[in-house]
Amino acid sequence: MDTMDAQVTLLRITYSPEIVNSEAIYVSSNSLPVKAVNFEPAGHSFHTAALKALGLDEEEDADTDDQSVLSDDKGHSYMPSSGYSSKGKKKSGNEDNQQDHYALLGLGHLRFLATEEQIRKSYRETALKHHPDKQAALLLAEETEEAKQAKKDEIEAHFKSIQEAYEVLIDPVKRRIYDSTDEFDDEIPTDCAPQDFFKVFGPVFLRNGRWSVTQPVLSLGDDNSSLAEVDSFYDFWYYFKSWREFPHADEFDLEQAESRDHKRWMERQNAKLREKARREEYVRIRSLVDNAYKKDPRILRRKEEEKAEKQRKKDAKILAKKRQEEEAAKAVEEEKRKKEEEEKRAAEAALNQKKLKEKEKKLLRKERTRLRSLSSSIVSKKVLGVSGDDVETLCMSLETEKLRSLCDELEKTGEDNERAEILKSALRGDDEKKQPNGSVQNGAMPPPAKPENTLSGYEKKERPWDKEEIEMLRKGMQKYPKGTSRRWEVISEYIGTGRSVEEILKATKTVLLQKPDSSKAFDSFLEKRKPAPVISSPLTTRQDREVENGTTPTLTENVPNSGPDVASSSTEDVWSAVQERALIQALKTFPKETAQRWERVAAAVPGKTVNQCKKKFTVMKESFRSQKST
């Protein structure tokens, strides 16, 4: 102690101003400072420098003299610690010299499969057998004291190894670390024959199953295993969790750390290396499972079946699509064929109708020519005042049958006076048919109008187009555009005035293309203007009542005490044969459920209003009922 005090009083070490503010520090041999103002020097470098300063560092390595004095940024020099680097000392222990704990306890045949009870039992037996007190007889066999001492040390070292093996294997954490460093075959098979799959990969999965956290490990099975078992096996190994540790991956020895920060740095580095080893282990297990999945004959058979099923569904889909296309094409062909047949029938009907019309026109012209030739002498002599206009009136008003009967009657008589009387009577008969309200004498229903094809070609050709017909034609062309089947026949029915297809085609090229006359703009304005409300008079009321009762007033009843207004009103109610046929055709074209029916009917009947059409329809209905009842 006196020597230590003397050394303390004699020796001083001066350090950097940053440490002690350039003040002296008294130290002892154990490197504990006696006096420190701000900081307390510590560490291996301080310890080594203190020992050298005291002269107590007598043993130096051969390479110590070769080390140069290091300096920091401030220019101060210091001596690095011997046997220590900035990163720490790498572990130099040889893992091959590590003792086999299982073999020391006699469990080499079981190793990681040994249970805790087996470890305890084997340790008791081994410790009792190799206890130093039980090995005293071996010391007597040695001759010299040195040999006896060496044998004793060997026996004690062996017994300590047994105790160390027991301490490691009985602790679960230490045993896991030891088992992780135990010898293990990490080889992964890459290829094999299909018939050798289970022989090659079965033992590999069984060997690697020892690292599984989940126990027991599913087996690979055989070729007869179900697909559910196979899927469960691969699901287990694809989500495999290993408890394997990698302490041999540590590069730095924590006991060589200079400070706590250095030690933590070493721990982080070792943790990174262990994590890298774990990733490599995961990749190894994953490659094992992938190789087995690619070579598994059960998986290959299922893939072939799925591929065949997919191809079968694809073929069935293509076949169904092809069949559907064929059916659609057949339906289109059938529709086309039906359409062609309908068009053919329509063309034949139109042709027949055209021939019939031509024949009727020819007959009508023939009878008219015949009537003109028979009445030429009468017209030239003006017998009984018969003129050419009267003959033309008969030609235009009478039909083919009546013209034929009239001509036959004229041929029977050879006298001009008799023929003139016959023509006069024919003219009177035609005029008597036309009454103010369009009714027939004796309350009889007018004979049904013949179809529109019985109209004379002269009327169809020469009859002018009125504004209502032109408007209906324009609307019909808009309503039935190009591409409509039998377009012009449909438009003819839509107009409802007996216009033929030839007349409509001619009107589209002439009437519709005419520009409106600006001189008649005011007249068209007056026509389109809404009519003023009509105040009914007792006379018109009486006439309407008579129409409703089915009685038709004659012209002679209305002539007395009547002015020009009454005469004009009676002439407005006169219906010609053309107007009656147009009304009947319009009523057929526009049934009851048609919107704005009477407006369309009135538009289809030239020169008649809605009220007049309604009245005419009422009269015709009452006449038909009375005729049916009689």
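Every residue, even glycine, has its Cβ placed from backbone N, Cα and C.
What TrEMBL records for 57-97 (among others) is region 'Disordered'.
The compositional bias 'Acidic residues' annotation in TrEMBL covers 57-66.
Per TrEMBL, the feature domain 'J' maps to 100-182.
For 301-363 (among others), the entry in TrEMBL reads region 'Disordered'.
Across the compositional bias 'Basic and acidic residues' (316-347), DSSP assigns 32 helix, 0 strand, 0 coil. Among the features that TrEMBL reports, compositional bias 'Basic and acidic residues' is placed at 316-347 (among others).
The region 'Disordered' feature in TrEMBL is assigned to 412-467 (among others).
Residues or ranges marked as compositional bias 'Basic and acidic residues' by TrEMBL: 412-435 (among others).
The domain 'Myb-like' annotation in TrEMBL covers 457-512 (among others).
The compositional bias 'Basic and acidic residues' feature in TrEMBL is assigned to 458-467 (among others).
Feature annotation from TrEMBL assigns region 'Disordered' to 533-572 (among others).
The annotation compositional bias 'Polar residues' is assigned in TrEMBL to 549-572.
Sequence annotations record features per position, and here TrEMBL assigns domain 'Myb-like' to 567-621 (among others).
Using DSSP to sort the residues of the domain 'SANT' (570-625) gives these counts of helix, strand and coil: 40 helix, 0 strand, 16 coil. Per TrEMBL, domain 'SANT' is recorded for 570-625.
Same-chain neighbours of the compositional bias 'Basic and acidic residues' (316-347): 485-486, counting only residues six or more beyond its ends whose CB sits under 8 Å from a CB of the stretch.
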